[in-house]
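Quick look at what Swiss-Prot annotates:
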BINDING   H574, H578, C677, H681  Zn(2+) binding site
Amino acid sequence: MKKLSTNQIRKIWLDFFISKNHYFLETVSLIPVDDPSLLWINSGVATLKPYFDGRKTPPSPRLTNSQKAIRTNDIENVGVTARHHTMFEMLGNFSIGDYFKKEAIELAWELLTDKKYFDIDKNKLYITVFNEDTEAYNIWKDVIKIDEDHIFRLSRKTNFWDVGQGPCGPNTEIFYDRGEIWDPNKIGPRLISDDIENDRYIEVWNIVFSQFNNDGNNNYVELPRKNIDTGAGLERFASIFQNTPTNFETDIFYPTIKKVEQLTNNQFKYSIDNYFNPNKKQTRINTAFKVIADHIRATVFAISDGVFPGNKDRGYIIRRLIRRSCVFGKELGIKQAFLYKLVDSVIESMKEFYPYLIDKKTLVEQTIKDEEEKFLKTLSKGYDLLENIIKTKNTVSDKDALLLFESYGFPIEQTIEISELSNVTVDVEGFKKLLEQTKQATRNARKDLKAWDKQNELFTKLKVESEFTGWSETSRDNAKVIYMFTDQKQVESITNQEVFVILDKTPFYAEKGGQAADSGIIFNDQMKGFVIDVQQGPTHQNIHRIKVQGTLKVNDLINCRVDEEKRIYTMKNHSGTHMIHYALREVLGTSVMQSGSYNDENGLRMDFTYHRLPTNQELLKAQNLVLEKIKNKIDRQTYFCSLEESVKKHQALAFFTEKYDQIVRVIKFGDFSSELCGGTHVNNTSEIEDFIITGIESKGSGLYRIKCLTSFRAVNEYLNEQFKVYKDQAESIIDKYNQNKDLLKNDQLENIYLQIKNTTINKDNLLVIKNLLDQSKEVNKDYDKKVNDLITANKLLKYKDLTPSLNKDNINEIRLETTDLNIKDLKQLADDLRNKYNDLIVILLSSTNENTFIVVAVSQSLQNKYKAIDIFNNLEGYETKGGGNANLAQGKFVKK
């Protein structure tokens, strides 16, 4: 058999399908786009769902890709099994309404067995099919000529792909026989037929024949358009072609494992031979190496795609991977942060197909290092907690084990091993049940979100062509109505209702790429319609949601008028988004990556990833860079070209969270901003007019949202509003100060107020006045305390001559009832009296117009016999409500 590297395997796969007229889809981000049902891209087909359900038209009915994916539903198995990973790469070929079973099987067989490609021995391949899928069985037997003893007809459990609702169908799987050396019990093909986990017969390819729609109640209807969805794990192929015991000895992971060995000062070694001659201690060591090698790869890719360690969702998964790796690193004697030193190894092995990782190296290293160092402190607390549990209990409970697992990153194996050293047991079964409940809660939180949309016949058949003309115009006469529908029903005529309309040509922009949809009107002699919304259809038609007054019919000619003012201000903001993206990358570095945006006529916001919150000075610098480009009056340039040309020739920023067509549109401003974009933009930067950053907020670990405004009108309105808010706050502070300045004067507070009052309204002074106001609040906080202390002191002056008298127990006691003291005053008076007299009990009551207050205090010297809380609770003649301790009790009272 050929010995192939991972890069060679991937290339042979993609080149083969490209030669068979498949369109190559670039790998996309691990972060799903417009799919709340998924936390991660978890398969090769997950990125293609809109093509399969008909919401979008694919660039070709034949597709191929190599897609990175993450699955973490059983993360605890990583490092234990031979082929389980958090991140994996799935090779795929897909047919959307083109070829079906026969050609899919023939293509797979040719790639696997032809000497020009993988050249695998045909006799080493075994096949499974769904037991009711006679068609697939006969293709393998009669067309491919597979021996019948190499074909297994299995149940729905293993050979029918169904997620409960939407496209589904039978599948066929291809297995490679690695030989008897991997089958120590000599079970043979029954390992396949009985679906027994094994290392002899490796599943290399799964081909799903998507031919039914499940309505959600297990009623199956033939799809109007049948599809092929296949997946083949690259890591498994690598293990086969490199003849390794597990995936971890392949060129994907083994260089990282060798690097970890160096970081242990070679005190610990990974043993390949341990597979055949297992040793419990070495198996545990191997597991540690595997976990680290697997988790660091997933972490590098996730952070590069914009996921940062955090406390929820994707961020929590990455935090958990880092923490789990740290724990296993400690098992290998590594006590310092070390994972960040492995980033280079991961990038080196993956950069040929993922060159963008190179630019992310510094960001990824710094992010991992920061997270490691924070966790190492937590980890030591985890060890302390476990040691305390072991000292005080005979068993580590299920709840304690889960706490150690989730909050401190302790794998259950780690807890068991440490506990066993002290002959303490762990409630493993209880832990597993609690862990499953936690997982189920996560699943339930997402279960109502459909994993696959039911294939919509209306959209799959929606082939009418429509041209968007709005890049160069905002009005059009004699546009033709070519399609109308309502409630998923096609209509020919509509009167005084809302309807969805497609025109042959339209100037109305459909919401996409972060830009809001246009609004406006359409009209002719028979009707007037208000365009409420515009969304894009599966083949790029702009679908207008229109409230019709009068009657509108298919084939009518209408006049279109876009709301020009809304469009103009939206254009300013969209171009402003490109400007601030450029400026942030210029100020903070190219590790800044846009992860979403929205712009309409009212402003813009942009989400971006970065390892920390930018400083005010950095934001001001970015703002000034944008203003400089506006002042320089730079023309916009627009190009239509291939994705490859857009990057190579125009240095356009292409975002891995987006999917692009074969021909893309590049928007350039000078030599500083070049992005793929389908939106509307100003012709010259001067048309943006003005620019200001109005705020920034964290949207999660490593993700920030910046908000901005453009145009003279919007910026001036914002400045006037903000200055009024700040000056009103300053006015409120000084008004309160003026009420008390006869009691205590503060020149600093008065001076700051005058500076705020006299500050001129402009962008440069916005930060100045904000800082002055913050300074004023700090000074006022200190001033208020001093004034309140003075007021209290003055109120307490008339009680300075209080003296104790002996109570019935011959103990010094001061009892006072008054009407002018609040609870704070009473506590201060009690402290003053205890400081003045020794061995004293103080009982103070005050009845104001609004409330009653009581404070009881006891000198420390008496607290062995008299406790403030006891006196408080048993005060003769009063019902008290409150709390306290031996020293002091406080609350409210009612006379009996």
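Cβ from N, Cα, C; glycine included.
Note that this is a predicted model, so its numbers are computed, not measured.
Structure coloured by features recorded in Swiss-Prot.
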residue : record              : CB count, 10 Å
H574    : Zn(2+) binding site : 28
H578    : Zn(2+) binding site : 31
C677    : Zn(2+) binding site : 22
H681    : Zn(2+) binding site : 23
- prompt: Other than H574, H578, C677, H681, which residues of the chain come within 8 Å of the Zn(2+) site, judged by Cβ distance to the Cβ centroid of those residues?
  reply: Q515, M571, S575, T577, I667, E675, G679, T680
Mapped DSSP class for H578 (Zn(2+) binding site), helix or strand or coil: helix
